[in-house]
Amino acid sequence: MSDSEEESQDRQLKIVVLGDGTSGKTSLATCFAQETFGKQYKQTIGLDFFLRRITLPGNLNVTLQVWDIGGQTIGGKMLDKYIYGAQGILLVYDITNYQSFENLEDWYSVVKTVSEESETQPLVALVGNKIDLEHMRTVKPDKHLRFCQENGFSSHFVSAKTGDSVFLCFQKVAAEILGIKLNKAEIEQSQRVVKADIVNYNQEPMSRTVNPPRSSMCAVQ
């Protein structure tokens, strides 16, 4: 195969991650791109970039450019520019925070406006994060599924903390954008286990302790 033929098998996709500041967007992007979970909560100001190259069926190499948009940018002058040109949009909410789910209407409104102006239609995925906190859920699954059905979204439930279905979410979004169908064996083959640290959302200084820091396993699917 020539160099030009090899290059033709490489694709780049722009994936924009939107949602409220506490929905876990940055943790989601970090778990996918770096296979880890941050020790401290860090608010995204403006936007952050993450890159990861994956291989889809047919030996197709795809580089995902993940744009993590700060939650405070809603209503800002730059948001439409961040969204412009995206092939995929992840609308992320915290399943334990109903307000973060309701606010997705505002985020999606901006996406629709940009899509109409640019005459392009990105794939939109609804992502319910923090499924490791199922016992604290305030957004019922039927609400999630109804929102998907009403707007034609793909549906995903993940945990950036444990890594549950994180890789699978991005993999499925990329495959759907490119019109590639994943079979069961390919999905199972993508499952791996990596080390991840548990986040501390308390921004106050931590007191000293003689106990070693806790950690968990981030099972990226």
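Backbone N, Cα and C atoms are what each Cβ position is placed from, and that goes for glycine too.
Annotation source Swiss-Prot lists phosphoserine at Ser8.
Annotation source Swiss-Prot lists GTP binding site at Gly21, 24-27, 38-39, Tyr41, Thr44, Gly71, 129-130, Asp132, 160-161, citing similarity to another entry. Of all the Cβ atoms in the protein chains shown, 28 others lie within 10 Å of the Cβ of Lys25 (GTP binding site).
Of all Cβ atoms in the shown protein chains, 24 besides its own fall within 10 Å of the Cβ of Thr26 (Mg(2+) binding site). As annotated by Swiss-Prot, Mg(2+) binding site applies to Thr26, Thr44, Asp68, with the evidence given as similarity to another entry.
Taken from Swiss-Prot, the feature region 'Switch I' covers 35-49.
Swiss-Prot lists Cys218 with the feature S-farnesyl cysteine, giving similarity to another entry as the kind of evidence.
Marked as cysteine methyl ester by Swiss-Prot: Cys218.
Note: the Cα of Lys161 (GTP binding site) and the Cα of Thr26 (Mg(2+) binding site) are spaced 11 Å from each other. Least crowded of the binding-site residues (Asp68, Asp132), judged by neighbouring Cβ atoms within 10 Å of its own Cβ: Asp132. Highest local Cβ density among the binding-site residues Ser27, Asn129 belongs to Asn129, counted as other Cβ atoms within 10 Å over all protein chains shown.
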